[in-house]
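As recorded in TrEMBL, the features of this protein are as follows:
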{"type": "TRANSMEM", "residues": "A:14-31", "note": "transmembrane segment"}
{"type": "TRANSMEM", "residues": "A:38-59", "note": "transmembrane segment"}
{"type": "TRANSMEM", "residues": "A:65-85", "note": "transmembrane segment"}
{"type": "TRANSMEM", "residues": "A:153-175", "note": "transmembrane segment"}
{"type": "TRANSMEM", "residues": "A:208-228", "note": "transmembrane segment"}
{"type": "TRANSMEM", "residues": "A:240-268", "note": "transmembrane segment"}
{"type": "TRANSMEM", "residues": "A:295-312", "note": "transmembrane segment"}
Amino acid sequence: MDWGNILELSLRELIGVQAIVFALAAIGINVQFGYTGLLNFGQAAFAAVGGYGIAVIVTTYDMSFWLGLVVGIVGAIVLALLLGIPTLRLRADYLAIVTIAASEIVRLVGRSAWGRDVFGGSDGITGFSNAFYDLNPFTEPFEFGPFQFRERVLWVLVVGWVLVAVCTLVVWLLMRSPWGRVLKGIREDEDAVRSLGKNVYAYKMQSLVLGGVIGALAGMVYSLFQGAMQPDVYATNFTFFAYAILILGGAATVFGPVLGAAIVWFAFQFIDLALRGAIQQEYIPSWLMDANDTGAVRFMLTGIVLVLLLVFRPQGILGDRREIALDAR
Amino acid sequence: MPDDNLSLTAKREAAVTALADVPREPGAKKPDPILVADDVKRHFGGLLAVDVDHVEVQRGSITALIGPNGAGKTTFFNLLTGFDRPNSGSWTFNGRSLHGTPPFKVARAGMVRTFQLTKALSKLTVIENMRLGATQQKGESFWRAMLPFTWRSQEDAITQRAEELLARFKLDTKRDDFAGSLSGGQRKLLEMARALMVEPELVMLDEPMAGVNPALTQSLLEHVSNLREQGMTVLFVEHDMDMVRDIADWVVVMGQGKILAEGPPETVMSDPRVVDAYLGAHHDQSLAELEEQLETGTLAEEVAAELGQEPAETVAVERTGETKDGR
């Protein structure tokens, strides 16, 4: 087994596009769920709206890439308002139900035959990322030790990590401000916050919109990287994956989602390659599993790790143990 | 500091004097009401939980709202503070109608409540709980929140005020602890202190003594009467009569959703209607006796009599008196 190679490929995933996409999605959920206590189970819908914003504007309507960016973000804001207006006055569970349904609605409308002319059906939309890659200032591959990145990937990574950094900075600034204090208060007990003269509904809406816009950025990065907007990428498992990452890293921590995303994608790649290597070397007997099973087994192992984490470190990697201890009282 | 003591008694004195000429009857008019409620009704299905014709709360006084469990005290509180909507009715605070006003606007108007089940925000520190109470914070707007220099000086002022209040409520040593790590009594104190951060005119305390270590109740009572000394009006729900006697200037008694009686504590507590509402009309009988009466049918007569249709009331009461003596 070539451990050097396995480690190198895994480290690429640590800072890879998948990690960026899920870090962004999880940062959005962190604002909503981690800090405000809003159960948004429809983060996939926000990501899909972001991706469709660019794809539809550029490919279907042949308009500017920049307009596509704006449409994607405005679309996420509108979606947040649509979901929030009827549900945010109600108990937390209603938002969860409505958002999970909405995320499937967005995906199913996107892949429907009815909307094929606009959304491209189940094949999705391609050919909208040229304007983005035309902006690429990198003309040759970047080499760093054993790592080599092609210019296109490099461009996505740079833009993506800058976005992650900006979003993290915004969350950091907000959560140490009085605004963030109100959100955390709402998470603990919204009636108490109401009784202190705060417009809880407006704060929840702001939180939902902010998290949704960050989710839309995740969808934009992913579809620009792929060069294609495919609706089925944004099924409900996208959302739950982002939740798992957030909980792993530590909900209501500033760097938790980023760390969680990096670790998960690193671990995924590492487990996959290590298993394949072990099968090839016949360390693992073929009656137990073959190379085709690694995809499933790595999910199983990830699941076990998550369960162990929730048992032994429920606050996540970066969370504060004392906060969890309070829940038991 | 004799001056302090003087003003302390003076405020209570003033409240008692102002209420001296108020008739001791439900719905009595007060000389300077801060809160006036009219015809407030709230149904839960077939149950009429609150049915208040008229009630006024005197400015600068401590008014206790008492009554047995299920009398509708907390529901009435919820209605007044906007946490629940009435089926009908109107009320004004400082002459301004608050009907249909959402809770946060009620609080901003100067009427701040606490809760029976204490709502300390567990995962916020004590000082953060306090800071949250301050109103009109610049840093609570989304865009300005990201620019700390726009709210830093205000935050410092708020923190200073919060620390003063914490010191007064003897929570200053807990400043940086999570609120969730406080004891029940400390949480009550924190909630009260936090409510004061809003700078209210009327403080509404829902059972401030419930679930508090008896050793702490005395200090809680002092804090409540201190509120009046600082010029605030207090309306509080309680069902322990002794607590009420110590600090209240005026007592409003609720039973089955209605205002049954009003008056200074001494007068109200000797009122037979109040005693009945609290202990039940049959409070001096054992359950076994009542059961016996139920079997012999005398209780039914008595109930009918109490409802006011049958003149046979005296007979029934005499007969029960006999059985009691016979044992």
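Note that the numbers count up from 1, one per residue, in the order the chain is shown.
Heads up, the Cβ atoms here are built off N, Cα and C, so glycines get one too.
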*Are there residues at least 6 beyond the ends of the transmembrane segment (A:153-175) whose Cβ is under 8 Å from a Cβ of it, and what are they?*
15-17, 20-21, 23-24, 27, 30-31, 35, 133, 135-138, 141-142, 183-184, 210, 214, 217, 221, 224-225, 254-255, 258
*Do any residues of this chain, six or more beyond the ends of the transmembrane segment (A:14-31), have a C-beta under 8 angstroms from a C-beta of it, and if so which?*
40, 43, 46-47, 153, 156-157, 160-161, 163-164, 167-168, 171, 174, 183, 207, 210-215, 217-219, 221-222, 225, 238-239, 241-243, 245-246, 249, 251-253, 256-258, 260-266
*Quickly jot the same-chain residues contacting the transmembrane segment (A:240-268) by Cβ under 8 Å, restricted to those at least six beyond its ends, or write none.*
10-11, 13-16, 18-20, 22-23, 25-30, 33-35, 41, 43, 164, 168, 171-172, 175, 184, 187, 298, 302, 305-306, 309-310, 315-319, 323
*asked:* Please report, as numbers and ranges, the same-chain residues at least 6 past the borders of the transmembrane segment (A:208-228) whose CB is under 8 Å from any CB of it.
replied: 17, 20-22, 24-25, 27-32, 36, 38, 40, 43, 46-55, 69, 72-73, 75-77, 79-81, 83-84, 88, 95, 124-129, 132, 153, 156, 159-160, 163, 167, 174, 234
